[in-house]
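Novice: To start, I am sharing the structure in question, which I have written as structure tokens.
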Amino acid sequence: MEHFISIRDIGKKEILNILEEAEKMEELLNSEKHSNIMNGKILATLFYEPSTRTRLSFETAMKRLGGTVVGFTDIANTSVMKGETLPDTIKVINGYADLIVMRHPSDGAPRLACEYSNIPIINAGDGSNQHPSQTMLDLYTIKREIGHIDNIKIAFIGDLKYGRTVHSLCHALSFFENIEIVFIAPKELKIPKEITDDLDNKNKLYNNNIKYSETGDIDLTGMDVVYMTRIQKERFPDLSEYQKVKGTYKLTREHVEDKDLIIMHPLPRVDEIDISVDELPQAKYFKQSFYGVPVRMAILKILNEKNKNKKSEI
């Protein structure tokens with residue numbers, strides 16, 4: 001794994017390796033021992049779009065491993081505003097850092113960046129396309145809170161059209177056995193056909209008994225996992241279309257308090273989960289956010305080890 005751009009670039013072996021390494025990183029965090037795994041290394045965080053959890057958890061992960069962080073969170077203060085191209089920015093950063101984490105509004109921008117980089121690049125989200133480190137912490141949450149990833153029934157609710165976390169997680173789940181998925185969304189935000197086609201293809205390839213269905217109604221009977229998403233206002237080309245679907249779904253105590261399941265959400269939350277749900281034992285979205293640190297520690301460690309002998313050609 002030279003870069004980490006899409007969950008589609010890795011297989012089940014690599015996924016399990018990251019999960020195993022994340023367990024070790026969580027143990028390290030709980031032990032409060034100091035790590036120097038990334039001592040002397042610099043992580044550059046290039047965030048062309050806003051971020052709270054992803055950026056801060058990557059920065060925390062790097063510092064917990066003994067490394068340091070440089071970067072930007074607002075392109076208004078960078079040479080991008082002067083017309084600097086992405087390839088030029090990447091070439092420059094290659095001379096400053098050992099790894100790059102980047103978020104960009106354009107689908108495919110991190111993959112383009114890889115063509116101009118001699119150091120590992122991690123995709124922290126590109127448009128409505130991919131968010132692979134979020135996928136890994138989602139899988140890690142399921143494994144830690146349920147005990148296994150195989151043999152689960154999961155409901156995805158909300159913005160399934162623009163929700164890159166949903167797209168990535170569906171692909172990752174396709175490597176596991178006996179997964180049943182229920183897509184719950186308004187017709188305007190239904191899961192893209194390319195995602196369901198991918199599930200069909202994986203089912204034929206691995207014969208791992210993946211099932212899925214689509215509906216507009218919330219019925220959580222028999223679910224192991226509920227994965228809520230916000231309606232992503234910033235992705236709508238027409239604001240009037242957003243107004244039609246905003247507030248379509250709101251998860252309440254009545255939906256879940258008598259059910260044996262876990263509730264996940266990639267955050268930020270707007271109004272799709274009532275705050276009264278927060279105190280229920282089923283609510284795991286803040287724990288899910290915490291798991292981002294050991295998972296991203298694992299990703300940084302693996303990429304650093306894989307690329308430690310690769311020297312910059314600049």
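The backbone N, Cα and C atoms fix where each Cβ goes, and this holds for glycine too.
The annotation carbamoyl phosphate binding site is assigned in Swiss-Prot to Arg53, Thr54, Arg103, His131, Gln134, Leu267, Pro268. The feature L-aspartate binding site is assigned by Swiss-Prot to Lys82, Arg164, Arg230, with sequence analysis given as support.
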Novice: Between the Cα atoms of Thr54 (carbamoyl phosphate binding site) and Arg164 (L-aspartate binding site), what distance do you get, rounded to the nearest Å?
Specialist: 14
Novice: Are there residues of the same chain, six or more positions away from Leu267 (carbamoyl phosphate binding site), whose CB falls under 8 angstroms from its CB, and which are they?
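Specialist: When sequence neighbours closer than 6 are ignored, Leu267 (carbamoyl phosphate binding site) has Arg53, Tyr285, Gln288, Ser289 within Cβ distance under 8 Å.
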Novice: Centre the Cβ atoms of Arg53, Thr54, Arg103, His131, Gln134, Leu267, Pro268, go out 8 Å, and tell me which other residues of that chain have a Cβ in range of the carbamoyl phosphate site.
Specialist: Ser51, Thr52, Ala124, Gly125, Thr165, Pro266
Novice: Measuring Cα to Cα, how far is His131 (carbamoyl phosphate binding site) from Lys82 (L-aspartate binding site) in Å?
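Specialist: The separation of the Cα atoms works out to 28 Å.
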Novice: Listed L-aspartate-binding residues Lys82, Arg164, Arg230 - what's their greatest C-alpha to C-alpha distance in Å?
Specialist: 34
Novice: In terms of Cα spacing, which of the binding-site residues Arg103, Gln134, Pro268 are within 10 angstroms of Arg230 (L-aspartate binding site)?
Specialist: Pro268
Novice: Which of Arg103, His131, Arg230 has the fewest nearby Cβ atoms, counting only those within 10 Å, among these binding-site residues?
Specialist: Arg230
Novice: Which residues does Arg164 (L-aspartate binding site) neighbour through Cβ under 8 Å, counting only same-chain ones at least six apart?
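Specialist: In sequence order, Gly125, Asp126, Gly127, Ser128, Asn129, Gln130, His131 meet the Cβ cut-off.
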Novice: Return the single residue from the binding-site residues list (Arg53, Lys82) that has the minimum number of other CB atoms within 10 Å.
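Specialist: The binding-site residues Arg53, Lys82 were compared, and Lys82 has the fewest Cβ atoms within 10 Å.
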Novice: Between Lys82 (L-aspartate binding site) and Arg103 (carbamoyl phosphate binding site), how far is it from one CA atom to the other, in Å?
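Specialist: Cα-Cα distance, Lys82 (L-aspartate binding site) to Arg103 (carbamoyl phosphate binding site): 19 Å.
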Novice: Please report the number of other Cβ atoms within 10 Å of the Cβ of Gln134 (carbamoyl phosphate binding site).
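Specialist: Here the count is 26.
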Novice: Hey, of the binding-site residues listed (Thr54, Pro268), which one tops the CB count within 10 A?
Specialist: Thr54
